[in-house]
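If you check TrEMBL, you get these features:
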type: BINDING; residues: B:LYS7, B:PHE8, B:GLY9, B:GLY10, B:THR173, B:ASP174, B:TYR179, B:ARG184, B:LYS209, B:VAL210; note: ATP binding site
type: BINDING; residues: B:THR47, B:GLU74; note: substrate binding site
type: DOMAIN; residues: B:264-352; note: domain 'ACT'
Number of protein chains: 2
Amino acid sequence: MGVIVMKFGGTSMAGIERIRNVAARVKREVEAGHAVAVVVSAMAGETDRLVNFCKEASPLADPAEYDVVVASGEQVTSGLLAIALQAAGLKARSWLGWQLPIATSPAHSTARIGSIDTGAVLTAMQGGEVAVIPGFQGMTADRRVTTLGRGGSDTSAVAVAAALKADRCDIYTDVEGVYTTDPRIVPRARKLGKITYEEMLELASVGAKVLQTRSVELAMKEKVRVQVLSSFSDEPGTLVVDEDEIVEQELIAGVAYNRNEAKVTVVKVPDLPGKVSAIFGPLAEANINVDMIIQSIATEAKDGTSTTDVTFTVPQTELTRARAILEREAGTIGHERILADDGVCKVTVVGVGMKSHAGVAVTMFKALASRGINIQAITTSEIKVSVLIAEEYLELAVRVLHTAYGLDA
Amino acid sequence: MGVIVMKFGGTSMAGIERIRNVAARVKREVEAGHAVAVVVSAMAGETDRLVNFCKEASPLADPAEYDVVVASGEQVTSGLLAIALQAAGLKARSWLGWQLPIATSPAHSTARIGSIDTGAVLTAMQGGEVAVIPGFQGMTADRRVTTLGRGGSDTSAVAVAAALKADRCDIYTDVEGVYTTDPRIVPRARKLGKITYEEMLELASVGAKVLQTRSVELAMKEKVRVQVLSSFSDEPGTLVVDEDEIVEQELIAGVAYNRNEAKVTVVKVPDLPGKVSAIFGPLAEANINVDMIIQSIATEAKDGTSTTDVTFTVPQTELTRARAILEREAGTIGHERILADDGVCKVTVVGVGMKSHAGVAVTMFKALASRGINIQAITTSEIKVSVLIAEEYLELAVRVLHTAYGLDA
């Protein structure tokens with residue numbers, strides 16, 4: 001008898017009719033002879049409703065009490081799914097975060113899972129009872145409710161799968177799997193049968209939010225075989241697995257993009273030691289995530305002083321805050337002025353095959369150049385190449401690259 | 001430093017603005033030097049929403065999972081009130097049913113409170129921290145979530161007050177206290193300054209639902225001084241206390257009524273031993289609460305057999321079920337036919353003063369007769385007299401009795 005974990009997101013749990021549909025899917029796995037644990041999200045929209053209550057009660061809501069409020073959404077769907085499973089003729093019960101327990105760090109609203117006690121639940125599962133576990137929630141050592149941060153239910157599912165030593169962790173969502181790129185931009189995008197943890201991480205980090213980044217990191221660390229599939233269809237999904245499991249490695253797994261980019265240029269920064277850290281230190285302290293950084297060659301003025309332009313990207317949603325910080329620090333940095341441009345986007349090609357193949361970046365640059373798309377910045381890792389371009393070229397760039405790497409169906 | 005418990009119902013907790021108002025009231029008590037525990041209901045309408053989810057998921061929802069779902073409403077308001085109290089400058093934290101814990105019987109959806117561990121919470125309260133406790137919920141010995149049944153938050157509040165040996169348990173609601181009768185019927189109804197537990201119980205049982213019956217029983221047993229008052233005004237409320245505390249006893253505390261009555265007459269029941277239990281046994285088994293019972297004098301037919309008519313009342317909402325049961329049992333009972341009348345109501349006068357005064361019932365009968373109101377049935381206890389009358393006379397009867405007992409303001 002195999003042990004599997006099934007995770008259903010908010011869209012799959014939105015209303016009793018859909019919860020009944022989830023119960024039917026679970027029943028199929030039970031009838032196939034599996035011991036099943038189901039991890040559930042709150043109904044779509046419910047967490048937002050609860051978060052808004054907290055914000056309205058106080059903009060600086062105590063994170064410990066915020067967790068008490070928002071964790072209730074998953075408690076509700078856990079009980080309802082247990083009821084629906086029983087109505088479908090299965091044995092089932094809910095196991096709340098404090099009942100298992102799921103022990104987490106005390107970092108309220110962004111807690112990390114430490115350990116999960118699976119003794120009692122595994123016994124129940126082996127006795128044929130489906131265990132329904134609310135995602136997103138846990139408990140501190142001093143028995144306070146915690147939550148894992150938005151999208152934390154994926155992480156809960158992977159952690160439960162690791163603790164149960166599950167054969168598979170199936171993440172049911174509203175898409176059918178991981179695609180070579182966004183099918184809304186490239187209709188000939190293909191669903192991937194398999195993808196490596198590393199590729200999935202890079203795709204997630206550049207905006208292809210099929211799985212929460214933390215859940216992929218955890219799956220990679222714990223070697224949990226994750227499958228992404230749709231709760232609204234019966235098509236096979238995408239398996240996220242170790243590189244070893246993928247026999248025939250594609251060069252490029254996919255093309256991703258991120259519109260939430262803004263470019264900042266700090267003009268004429270004195271070319272002196274400490275100036276770069278005077279820019280990025282305060283941004284880091286404010287938790288603003290700086291991505292691509294380019295520093296121009298220093299130029300010397302007539303008076304002998306030397307200056308340089310420092311360009312970098314931040315999330316568009318942080319642009320206002322970033323500018324305010326740089327203006328506050330103007331005395332220390334000593335720059336002439338700041339330019340900001342939120343009309344940019346990042347396009348990324350990802351593939352573990354890159355590790356052993358040269359020329360991947362060149363293909364990218366040539367393909368973009370052939371359509372007259374100017375590259376404003378570049379970053380690379382072992383398995384990805386990202387470029388910053390004007391946002392108006394986003395769709396064109398994605399299509400061109402999808403074709404250039406032979407990904408079209 | 002006195003210890004007080006404040007309880008706020010669903011109307012008082014409906015939305016953040018009202019929760020802030022609750023926080024302001026709590027702050028006043030803290031500033032007056034009290035150690036305060038607050039027991040809260042779910043937002044008005046929320047429990048219904050959650051109950052409906054359960055019913056929709058399965059008409060026969062597992063009560064253990066039903067409890068997991070519906071207990072979440074009070075969890076949300078507990079966290080939100082703790083946040084609002086902190087925003088008002090107080091120290092505060094929520095203590096969920098499983099965190100205290102509030103130990104209950106395993107009777108899911110209708111659990112009874114066994115004991116409440118107040119060690120940790122009392123220490124926190126004495127350190128100036130307001131304890132926010134969700135009403136309605138508890139935990140079984142094997143750590144499953146329970147609820148106390150509808151209106152259970154009043155009972156939670158009284159139980160918490162008893163466990164904390166609180167000086168007072170203030171139940172904030174949407175009325176200003178307990179009135180001599182329904183002010184919508186008698187505008188000259190007076191708010192009572194004090195009322196005994198026994199009177200409150202009788203009033204609650206005949207439909208004056210200011211406090212849940214179980215909470216009054218518990219307050220009486222544990223000698224908890226309860227105050228009923230409005231969360232929307234600053235008027236003093238009504239104290240519910242032991243008889244000893246009321247120096248000048250009024251003869252009658254109030255006039256109550258209940259529209260949810262139906263009269264059933266089982267016609268020509270053979271006058272033989274066992275026939276009465278053949279009627280009431282099956283009704284009791286079906287948990288139908290039979291109230292007033294009248295049996296007519298037996299009459300003898302020409303063939304020498306003797307029959308009697310048995311009349312009784314049941315809640316109107318149970319009438320259909322009661323008839324069906326009697327029809328099912330017709331073979332055993334042997335009656336001729338069943339008459340049902342849902343056009344009746346019950347009017348009750350309540351007062352501990354009755355114990356030492358004769359003539360209370362006579363005053364009632366005379367007052368009703370003077371307006372030509374026919375009495376169809378009567379029940380009495382030590383401290384109340386109830387009559388069954390045609391529903392069309394309800395308002396008239398209440399007004400006449402209110403005047404007859406000198407209760408008009």
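Note that Cβ sites are derived from N, Cα and C of the backbone, with glycine treated the same way.
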Task: Between B:GLY9 (ATP binding site) and B:GLU74 (substrate binding site), the C-alpha gap once rounded to whole angstrom - done: 10
Task: Rounded distance in angstrom between the Cα atoms of B:TYR179 (ATP binding site) and B:THR47 (substrate binding site) - done: 27
- [ ] Report the member of B:THR47, B:GLU74, B:THR173, B:TYR179, B:LYS209 (the binding-site residues) whose C-beta atom has the most other C-beta atoms within 10 angstroms.
- [x] B:GLU74
Task: Secondary structure content of the domain 'ACT' (B:264-352), with strand meaning DSSP E or B - done: 29 helix, 36 strand, 24 coil
Open item on the list: If you average per-residue pLDDT over the domain 'ACT' (B:264-352), what number do you get?
Closed with: 92
Open item on the list: According to DSSP, does B:GLY9 (ATP binding site) sit in a helix, a strand, or coil?
Closed with: coil
Task: Distance in Å spanning the most remote Cα pair of B:LYS7, B:PHE8, B:GLY9, B:GLY10, B:THR173, B:ASP174, B:TYR179, B:ARG184, B:LYS209, B:VAL210, given for ATP - done: 25
TODO: For B:THR173 (ATP binding site) and B:GLU74 (substrate binding site), determine the Cα separation and express it in whole Å.
DONE: 16
- [ ] Check each residue in the chain of B:LYS7 (ATP binding site) that is at least six apart in sequence and keep those whose C-beta is under 8 Å from its C-beta; list them in sequence order.
- [x] B:VAL38, B:VAL39, B:VAL40, B:SER41, B:GLY135, B:SER153, B:ASP154, B:SER156, B:ALA157, B:CYS169, B:ASP170, B:ILE171, B:TYR172
Open item on the list: Return only the integer: C-alpha distance in Å from B:GLU74 (substrate binding site) to B:LYS209 (ATP binding site).
Closed with: 21
Open item on the list: Can you tell me the CA-to-CA distance separating B:THR47 (substrate binding site) and B:LYS209 (ATP binding site), as a whole number of Å?
Closed with: 18
Open item on the list: Helix, strand or coil for B:TYR179 (ATP binding site)? Use DSSP.
Closed with: strand
